[in-house]
Amino acid sequence: MALLNITSPHAQGANRTSRLMLLVVYATIPGMFTMTWFFGPGVLVNVLLASISCMLFEALAIKARQRPVGFYLRDFSALVTGVLIGVSLPPYCPWWLLISGSFIAIILAKQLYGGMGFNPFNPAMVAYALLLVSFPVEMTQWAQPKPLWVDGQLPGLMDTLAKVFSGAPIDGYSGATALDIIKQNKGLVLGDLYQQQPLLAEGRWASAGWEWVNIAFLFGGLYLLYKKVYTWHAPVSMLLALALMAALFYDSGSSSSSGSPLFHLLTGATMLGAFFIVTDPVSSTVSTKGRVIYGALIGMLVYVIRTWGSSYPDGVAFAVLLMNFAAPFIDYYTTPRTYGHKKPRRATDSTPRNGH
(Lines of atoms letter the chains of each structure in order from A and count residues from 1; the text may use other names and numbers.)
(Lines give C-alpha, C1' and ligand atoms only; values in the text may rest on other atoms or scores of the structure.)
Protein backbone atom coordinates (compact mmCIF):
# COMPACT_ATOMS: atom_id res chain seq x y z
CA MET A 1 0.00 0.00 0.00
CA ALA A 2 1.28 3.47 -0.88
CA LEU A 3 1.95 5.52 2.25
CA LEU A 4 2.12 9.28 2.67
CA ASN A 5 5.40 10.75 3.88
CA ILE A 6 4.67 14.32 4.99
CA THR A 7 5.55 16.25 8.12
CA SER A 8 3.07 17.68 10.60
CA PRO A 9 0.71 19.48 10.69
CA HIS A 10 -1.09 16.98 8.50
CA ALA A 11 -4.33 18.94 8.20
CA GLN A 12 -3.29 21.56 5.64
CA GLY A 13 0.39 21.14 4.75
CA ALA A 14 -0.13 19.71 1.29
CA ASN A 15 -2.96 22.12 0.46
CA ARG A 16 -0.81 25.11 1.39
CA THR A 17 2.05 23.86 -0.80
CA SER A 18 -0.20 23.39 -3.84
CA ARG A 19 -1.75 26.83 -3.33
CA LEU A 20 1.65 28.52 -3.18
CA MET A 21 2.89 26.64 -6.24
CA LEU A 22 -0.18 27.68 -8.24
CA LEU A 23 0.40 31.29 -7.19
CA VAL A 24 3.93 31.04 -8.61
CA VAL A 25 2.55 29.68 -11.88
CA TYR A 26 -0.02 32.49 -12.05
CA ALA A 27 2.73 35.05 -11.41
CA THR A 28 4.70 33.84 -14.44
CA ILE A 29 1.78 34.53 -16.80
CA PRO A 30 2.63 38.24 -17.46
CA GLY A 31 6.23 37.37 -18.32
CA MET A 32 5.22 34.29 -20.30
CA PHE A 33 2.80 36.19 -22.52
CA THR A 34 5.16 39.14 -22.92
CA MET A 35 7.78 36.69 -24.16
CA THR A 36 5.17 35.24 -26.54
CA TRP A 37 4.44 38.74 -27.84
CA PHE A 38 8.10 39.37 -28.68
CA PHE A 39 9.36 35.85 -29.48
CA GLY A 40 6.30 34.14 -30.91
CA PRO A 41 4.30 31.00 -30.04
CA GLY A 42 7.48 28.99 -29.52
CA VAL A 43 7.44 30.21 -25.90
CA LEU A 44 4.05 28.63 -25.22
CA VAL A 45 5.09 25.42 -26.99
CA ASN A 46 8.17 25.32 -24.74
CA VAL A 47 6.13 25.79 -21.58
CA LEU A 48 3.49 23.24 -22.57
CA LEU A 49 5.98 20.56 -23.59
CA ALA A 50 8.25 21.08 -20.57
CA SER A 51 5.32 21.13 -18.12
CA ILE A 52 3.83 17.90 -19.49
CA SER A 53 7.26 16.23 -19.46
CA CYS A 54 8.00 17.29 -15.89
CA MET A 55 4.63 16.06 -14.64
CA LEU A 56 5.12 12.75 -16.46
CA PHE A 57 8.63 12.18 -15.09
CA GLU A 58 7.38 13.14 -11.62
CA ALA A 59 4.57 10.59 -11.85
CA LEU A 60 6.94 7.85 -13.02
CA ALA A 61 9.39 8.57 -10.20
CA ILE A 62 6.65 8.62 -7.56
CA LYS A 63 5.21 5.38 -8.90
CA ALA A 64 8.65 3.76 -8.80
CA ARG A 65 8.98 4.81 -5.15
CA GLN A 66 5.55 3.25 -4.41
CA ARG A 67 3.99 6.51 -3.29
CA PRO A 68 0.48 7.81 -4.14
CA VAL A 69 0.97 9.52 -7.49
CA GLY A 70 -2.10 11.75 -7.40
CA PHE A 71 -1.34 13.14 -3.96
CA TYR A 72 2.21 14.18 -4.79
CA LEU A 73 1.40 15.50 -8.26
CA ARG A 74 -1.18 17.83 -6.73
CA ASP A 75 1.53 19.83 -4.97
CA PHE A 76 2.26 21.27 -8.47
CA SER A 77 5.99 21.61 -7.80
CA ALA A 78 6.73 19.69 -11.01
CA LEU A 79 4.47 22.08 -12.91
CA VAL A 80 6.45 25.06 -11.59
CA THR A 81 9.69 23.40 -12.68
CA GLY A 82 8.27 22.80 -16.15
CA VAL A 83 7.14 26.40 -16.53
CA LEU A 84 10.55 27.70 -15.46
CA ILE A 85 12.33 25.39 -17.91
CA GLY A 86 9.94 26.45 -20.66
CA VAL A 87 10.61 30.17 -20.27
CA SER A 88 14.35 29.66 -19.74
CA LEU A 89 15.08 27.73 -22.92
CA PRO A 90 15.12 29.47 -26.32
CA PRO A 91 11.85 29.40 -28.26
CA TYR A 92 11.90 27.00 -31.23
CA CYS A 93 14.53 24.79 -29.57
CA PRO A 94 14.27 21.07 -30.47
CA TRP A 95 11.67 19.01 -28.61
CA TRP A 96 14.28 16.62 -27.26
CA LEU A 97 16.06 19.50 -25.52
CA LEU A 98 12.94 20.27 -23.47
CA ILE A 99 12.34 16.62 -22.61
CA SER A 100 16.01 16.14 -21.67
CA GLY A 101 15.86 19.21 -19.44
CA SER A 102 12.69 17.93 -17.77
CA PHE A 103 14.33 14.56 -17.09
CA ILE A 104 17.42 16.20 -15.62
CA ALA A 105 15.36 18.52 -13.42
CA ILE A 106 12.87 16.00 -12.06
CA ILE A 107 14.79 12.72 -11.96
CA LEU A 108 18.42 13.75 -11.44
CA ALA A 109 18.10 17.04 -9.54
CA LYS A 110 14.97 16.32 -7.49
CA GLN A 111 13.76 12.73 -7.09
CA LEU A 112 17.21 11.16 -6.65
CA TYR A 113 17.59 13.34 -3.55
CA GLY A 114 14.22 12.25 -2.14
CA GLY A 115 11.72 14.53 -3.84
CA MET A 116 10.43 17.98 -2.98
CA GLY A 117 12.04 19.49 0.08
CA PHE A 118 15.23 17.45 -0.14
CA ASN A 119 16.93 18.72 -3.31
CA PRO A 120 19.99 20.88 -2.52
CA PHE A 121 20.02 22.55 -5.95
CA ASN A 122 17.31 24.30 -7.93
CA PRO A 123 16.08 21.63 -10.40
CA ALA A 124 15.29 24.02 -13.25
CA MET A 125 18.72 25.65 -13.03
CA VAL A 126 20.50 22.28 -12.89
CA ALA A 127 18.72 21.35 -16.11
CA TYR A 128 19.50 24.69 -17.75
CA ALA A 129 23.20 24.59 -16.82
CA LEU A 130 23.72 21.00 -17.98
CA LEU A 131 21.93 21.65 -21.26
CA LEU A 132 23.92 24.83 -21.84
CA VAL A 133 27.22 23.04 -21.30
CA SER A 134 26.19 20.01 -23.37
CA PHE A 135 24.36 21.73 -26.24
CA PRO A 136 25.67 25.32 -26.44
CA VAL A 137 24.53 25.90 -30.03
CA GLU A 138 20.91 24.88 -29.47
CA MET A 139 20.78 26.72 -26.14
CA THR A 140 21.91 30.05 -27.60
CA GLN A 141 19.62 30.19 -30.66
CA TRP A 142 17.32 32.92 -29.39
CA ALA A 143 14.87 34.49 -31.83
CA GLN A 144 15.19 38.23 -32.35
CA PRO A 145 12.42 39.98 -30.40
CA LYS A 146 9.77 41.34 -32.78
CA PRO A 147 6.15 42.16 -31.86
CA LEU A 148 3.65 39.61 -33.16
CA TRP A 149 1.73 42.26 -35.09
CA VAL A 150 4.71 42.75 -37.43
CA ASP A 151 3.84 40.30 -40.22
CA GLY A 152 6.51 37.84 -41.25
CA GLN A 153 8.94 38.72 -38.48
CA LEU A 154 8.23 35.60 -36.38
CA PRO A 155 7.11 32.06 -37.27
CA GLY A 156 3.41 31.22 -36.99
CA LEU A 157 2.07 28.32 -34.95
CA MET A 158 2.40 25.69 -37.69
CA ASP A 159 5.91 26.86 -38.59
CA THR A 160 6.78 26.78 -34.90
CA LEU A 161 5.62 23.18 -34.50
CA ALA A 162 7.54 22.20 -37.63
CA LYS A 163 10.73 23.78 -36.30
CA VAL A 164 10.37 22.27 -32.82
CA PHE A 165 9.61 18.71 -33.92
CA SER A 166 11.68 18.52 -37.11
CA GLY A 167 14.77 20.33 -35.87
CA ALA A 168 14.66 22.79 -38.78
CA PRO A 169 17.05 25.74 -38.29
CA ILE A 170 15.72 29.20 -37.41
CA ASP A 171 18.56 31.17 -38.97
CA GLY A 172 16.16 33.71 -40.43
CA TYR A 173 14.79 34.55 -37.00
CA SER A 174 17.67 33.99 -34.56
CA GLY A 175 20.48 36.27 -33.52
CA ALA A 176 22.65 37.46 -30.65
CA THR A 177 21.06 38.69 -27.44
CA ALA A 178 21.92 42.08 -25.96
CA LEU A 179 24.28 40.47 -23.45
CA ASP A 180 26.02 38.64 -26.31
CA ILE A 181 26.46 41.89 -28.22
CA ILE A 182 27.96 43.76 -25.26
CA LYS A 183 30.30 40.89 -24.39
CA GLN A 184 31.54 40.29 -27.95
CA ASN A 185 32.22 43.95 -28.78
CA LYS A 186 34.42 45.10 -25.92
CA GLY A 187 36.48 47.33 -28.19
CA LEU A 188 33.57 49.58 -29.16
CA VAL A 189 32.24 52.58 -27.27
CA LEU A 190 28.70 51.86 -26.07
CA GLY A 191 27.32 54.86 -27.95
CA ASP A 192 28.61 53.48 -31.26
CA LEU A 193 27.41 50.01 -30.36
CA TYR A 194 23.89 51.28 -29.70
CA GLN A 195 23.86 53.00 -33.09
CA GLN A 196 25.07 49.91 -34.95
CA GLN A 197 22.92 47.26 -33.27
CA PRO A 198 19.13 47.51 -33.82
CA LEU A 199 18.46 45.31 -30.78
CA LEU A 200 20.06 47.97 -28.57
CA ALA A 201 18.97 51.01 -30.58
CA GLU A 202 15.29 50.02 -30.50
CA GLY A 203 15.26 49.57 -26.74
CA ARG A 204 13.91 52.28 -24.48
CA TRP A 205 16.08 51.54 -21.45
CA ALA A 206 18.04 48.35 -22.11
CA SER A 207 17.34 46.23 -25.21
CA ALA A 208 14.30 45.77 -27.42
CA GLY A 209 11.86 43.21 -26.10
CA TRP A 210 13.93 42.03 -23.16
CA GLU A 211 13.26 45.13 -21.10
CA TRP A 212 9.49 44.52 -21.30
CA VAL A 213 9.95 40.84 -20.51
CA ASN A 214 11.87 41.76 -17.36
CA ILE A 215 9.28 44.35 -16.35
CA ALA A 216 6.55 41.73 -16.76
CA PHE A 217 8.39 39.25 -14.53
CA LEU A 218 8.96 42.09 -12.05
CA PHE A 219 5.20 42.63 -11.79
CA GLY A 220 4.76 38.90 -11.27
CA GLY A 221 7.34 38.97 -8.50
CA LEU A 222 5.67 41.94 -6.81
CA TYR A 223 2.41 39.98 -6.88
CA LEU A 224 4.11 37.11 -5.03
CA LEU A 225 5.50 39.55 -2.48
CA TYR A 226 2.01 40.99 -2.00
CA LYS A 227 0.61 37.48 -1.46
CA LYS A 228 3.44 36.79 1.03
CA VAL A 229 4.67 33.74 -0.85
CA TYR A 230 8.19 34.79 0.18
CA THR A 231 9.93 37.77 1.76
CA TRP A 232 11.74 40.60 -0.02
CA HIS A 233 15.20 39.86 1.34
CA ALA A 234 16.68 37.56 -1.33
CA PRO A 235 15.28 39.16 -4.53
CA VAL A 236 15.84 42.76 -3.47
CA SER A 237 19.37 42.11 -2.21
CA MET A 238 20.20 40.35 -5.50
CA LEU A 239 18.93 43.27 -7.59
CA LEU A 240 20.67 45.86 -5.41
CA ALA A 241 23.98 43.98 -5.54
CA LEU A 242 23.76 43.59 -9.33
CA ALA A 243 22.94 47.28 -9.78
CA LEU A 244 25.75 48.31 -7.41
CA MET A 245 28.31 46.18 -9.24
CA ALA A 246 27.20 47.62 -12.58
CA ALA A 247 27.37 51.17 -11.19
CA LEU A 248 30.88 50.64 -9.81
CA PHE A 249 32.26 49.50 -13.17
CA TYR A 250 30.17 51.71 -15.44
CA ASP A 251 32.07 54.72 -16.80
CA SER A 252 29.41 56.32 -18.98
CA GLY A 253 29.96 54.05 -21.95
CA SER A 254 33.66 53.64 -22.80
CA SER A 255 34.96 50.57 -24.60
CA SER A 256 35.62 48.93 -21.23
CA SER A 257 32.04 49.40 -20.01
CA SER A 258 29.71 46.44 -19.76
CA GLY A 259 26.40 48.24 -19.56
CA SER A 260 24.66 50.55 -17.12
CA PRO A 261 22.88 49.37 -13.96
CA LEU A 262 19.51 49.75 -15.70
CA PHE A 263 20.76 47.69 -18.62
CA HIS A 264 21.72 44.79 -16.35
CA LEU A 265 18.47 44.98 -14.39
CA LEU A 266 16.28 44.86 -17.51
CA THR A 267 18.24 42.42 -19.68
CA GLY A 268 18.52 38.65 -19.77
CA ALA A 269 16.98 36.59 -16.99
CA THR A 270 17.48 39.15 -14.21
CA MET A 271 13.89 39.52 -12.97
CA LEU A 272 13.01 35.89 -13.65
CA GLY A 273 16.02 34.88 -11.59
CA ALA A 274 15.39 37.35 -8.78
CA PHE A 275 11.72 36.56 -8.17
CA PHE A 276 11.28 32.97 -9.39
CA ILE A 277 14.67 31.24 -9.01
CA VAL A 278 16.53 32.87 -6.12
CA THR A 279 13.41 32.62 -3.95
CA ASP A 280 13.22 28.81 -4.13
CA PRO A 281 12.62 27.91 -0.45
CA VAL A 282 14.24 24.46 -0.67
CA SER A 283 17.64 25.21 -2.17
CA SER A 284 18.18 28.68 -0.66
CA THR A 285 18.90 29.88 2.87
CA VAL A 286 16.34 29.98 5.68
CA SER A 287 17.41 32.83 7.97
CA THR A 288 16.60 36.46 7.23
CA LYS A 289 20.22 37.56 7.39
CA GLY A 290 21.20 34.54 5.33
CA ARG A 291 18.73 35.45 2.59
CA VAL A 292 20.21 38.93 2.30
CA ILE A 293 23.74 37.53 2.01
CA TYR A 294 22.58 34.78 -0.35
CA GLY A 295 20.80 37.18 -2.70
CA ALA A 296 23.59 39.74 -2.66
CA LEU A 297 26.25 37.18 -3.54
CA ILE A 298 24.11 35.90 -6.41
CA GLY A 299 23.76 39.44 -7.76
CA MET A 300 27.51 39.96 -7.60
CA LEU A 301 28.21 36.62 -9.29
CA VAL A 302 25.73 37.37 -12.08
CA TYR A 303 27.62 40.55 -12.92
CA VAL A 304 31.01 38.85 -12.69
CA ILE A 305 29.97 36.02 -15.01
CA ARG A 306 28.27 38.38 -17.45
CA THR A 307 31.26 40.70 -17.61
CA TRP A 308 34.40 38.64 -17.10
CA GLY A 309 33.16 35.07 -17.26
CA SER A 310 33.29 32.50 -20.03
CA SER A 311 31.49 32.61 -23.35
CA TYR A 312 28.11 32.15 -21.67
CA PRO A 313 26.45 35.58 -21.71
CA ASP A 314 24.02 35.32 -18.78
CA GLY A 315 25.21 34.08 -15.41
CA VAL A 316 21.98 33.64 -13.45
CA ALA A 317 21.90 29.82 -13.54
CA PHE A 318 25.55 29.34 -12.61
CA ALA A 319 25.39 32.01 -9.89
CA VAL A 320 22.32 30.39 -8.34
CA LEU A 321 23.85 26.90 -8.39
CA LEU A 322 27.07 28.13 -6.79
CA MET A 323 25.12 29.77 -3.98
CA ASN A 324 22.86 26.71 -3.59
CA PHE A 325 26.08 24.89 -2.77
CA ALA A 326 27.00 27.59 -0.23
CA ALA A 327 23.52 27.94 1.33
CA PRO A 328 24.09 25.46 4.23
CA PHE A 329 27.34 27.24 5.09
CA ILE A 330 25.55 30.62 5.15
CA ASP A 331 22.75 29.20 7.30
CA TYR A 332 25.24 27.73 9.76
CA TYR A 333 26.59 31.19 10.59
CA THR A 334 23.39 33.24 10.26
CA THR A 335 20.61 31.12 11.77
CA PRO A 336 19.70 32.46 15.24
CA ARG A 337 20.08 30.17 18.23
CA THR A 338 16.97 28.54 19.64
CA TYR A 339 15.36 30.66 22.34
CA GLY A 340 16.66 29.71 25.78
CA HIS A 341 19.85 28.11 24.51
CA LYS A 342 23.18 29.77 25.21
CA LYS A 343 26.73 29.10 24.17
CA PRO A 344 28.25 26.15 26.12
CA ARG A 345 30.16 27.11 29.24
CA ARG A 346 33.89 26.56 29.15
CA ALA A 347 35.33 23.83 31.39
CA THR A 348 37.55 26.39 33.16
CA ASP A 349 34.57 28.51 34.13
CA SER A 350 34.03 27.77 37.85
CA THR A 351 31.80 30.69 38.81
CA PRO A 352 29.88 29.70 41.98
CA ARG A 353 26.06 29.55 41.77
CA ASN A 354 23.46 30.36 44.46
CA GLY A 355 26.18 31.70 46.75
CA HIS A 356 27.98 28.33 47.13
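Going from the start of the chain as shown, residues are counted 1 onward.
Just so it is clear, glycine is given a Cβ too, placed from its N, Cα and C backbone atoms.
Record features, source Swiss-Prot:
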type: TRANSMEM; residues: 20-40; note: transmembrane segment
type: TRANSMEM; residues: 42-62; note: transmembrane segment
type: TRANSMEM; residues: 68-88; note: transmembrane segment
type: TRANSMEM; residues: 117-137; note: transmembrane segment
type: MOD_RES; residues: Thr177; note: FMN phosphoryl threonine
type: TRANSMEM; residues: 205-225; note: transmembrane segment
type: TRANSMEM; residues: 229-249; note: transmembrane segment
type: TRANSMEM; residues: 259-279; note: transmembrane segment
type: TRANSMEM; residues: 292-312; note: transmembrane segment
type: TRANSMEM; residues: 315-335; note: transmembrane segment
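Contacts between the transmembrane segment (292-312) and the transmembrane segment (229-249): present, as 3 or more C-beta pairs lie under 8 angstroms, all at sequence separation of six or more. Count of Cβ pairs under 8 Å against the transmembrane segment (117-137): among 42-62, 68-88, 259-279, 315-335, the largest is for 315-335. Touching of the transmembrane segment (68-88) and the transmembrane segment (205-225) is ruled out by the presence of fewer than three CB pairs under 8 A, sequence neighbours closer than 6 excluded. Same-chain neighbours of the transmembrane segment (315-335): 88, 120-122, 125-126, 128-129, 132, 268-270, 272-273, 277-278, 283-287, 289-290, 293-294, 297-299, 301-306, 309, counting only residues six or more beyond its ends whose CB sits under 8 Å from a CB of the stretch.
Ranked by number of Cβ pairs under 8 Å to the transmembrane segment (259-279), the listed stretches 42-62, 205-225, 229-249 are led by 205-225.
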